[in-house]
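To start, the structure under review is shown below, and the notes come after it.
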Amino acid sequence: VTAEQVGKWAARHIVNRINAFKPTADRPFVLGLPTGGTPLTAYKALVEMHKAGLVSFKHVVTFNMDEYVGLPKEHPESYHSFMHRNFFDHVDIPAENINLLNGNAPDIDAECRLYEEKIRAYGKINLFMGGVGNDGHIAFNEPASSLASRTRIKTLTHETRVANSRFFDGDV
């Protein structure tokens, strides 16, 4: 099985779940999204399926897993830029339905609390497409992170910084 096949399978699963849910403005489908290399083939397939008329994201609300603290959202390696470049700019999702953490908020703790409150306001995330790092981290929740933890600042392990340095000209 290739990465492309897995990405296409994941995209079909997401599209099937959205379409079966029959989202409306009053009852949107809430989708959790990752960044990194893992989801790229799925995002490409989702864009293709949208362009083929197989799915609309008009009544989909998204929440992303993570963002770098201190990296401007305009930086090409910010997860804000990543998501727009690889997915949001190519589908019909309204800007107000896109939820990305602000890694430059004046009060990061308050930003994290507000993000959690917004998720709770929707009731739940209907489907979360995960991405897993080389060491098993999910959403920068490094190994040994509490399963009960919420959105927060997390210091990255050396292994994660090394793995992600490829996006920053080798800078660890």
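Cβ atoms are placed via backbone N, Cα and C, with glycine included.
The domain 'Glucosamine/galactosamine-6-phosphate isomerase' feature in TrEMBL is assigned to 3-139.
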* **Per-residue pLDDT averaged over the domain 'Glucosamine/galactosamine-6-phosphate isomerase' (3-139), given as an integer** => 93
* Per DSSP, how many helix, strand and coil residues does the domain 'Glucosamine/galactosamine-6-phosphate isomerase' (3-139) have? -> 59 helix, 16 strand, 62 coil
